[in-house]
Amino acid sequence: MATEKSRVYHERQRLQYCLLHSLNSLFQQKDAFSRANLNAISEKLALDDGSNSGATTWTPLSVVFKPHHNSLTGNYDINVLISALEEKGKTVVWHDRRNAASSIDLDAPEDVLMGIVINVSVRRFAGIWKSRHWIALRKIDGVWYNLDSDLAAPQPFQDAHQVREFLDFTIGHGGEVLLVMNGKPS
């Protein structure tokens, strides 16, 4: 939902498709990825897992709960994120949580650092349901935005210091920070 005023593309949360929403918001494109794309990546990963470890065990729940996602609600894992980004020529670099966010070069040119994806623990349904949630951060026209699909609209950060505070808070509360780099590592 890109508005004429902001021109920042942002998708709202549906079911557990936060990885899909994060990727599309990161790429600033409605159909950069689709459920079908991510499901196909997940299925390929599951086949690769099966070929590496011999026979896989099938249960009636295997129809819904796939190794890398839930076929009804989404809930894709890190392997799907990395594979999807690699298909688009991107590289994912895990931020070493022992280091503060000040070690991240938020001023790197866009042709180096495309954006940041974080994974945080969330509680839903009055705290009964505990899950993980994907959130994209991206610098657009010189301004960093929180493109969280749980937000009604993209939230601009005041400056790089505020982005670092947000990332440090995320790390301090068990979140994972993943840097999305343009191109393959050298």
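Placement of Cβ uses the backbone N, Cα and C atoms for every residue, glycine included.
TrEMBL annotations:
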ACT_SITE  Cys18  active site
ACT_SITE  His133  active site
ACT_SITE  Asp148  active site
DOMAIN    5-186  domain 'Josephin'
The one of Cys18, His133, Asp148 whose CB sees the fewest other CB atoms within 10 Å, among these active-site residues: His133
Per-residue pLDDT averaged over the domain 'Josephin' (5-186), given as an integer: 79
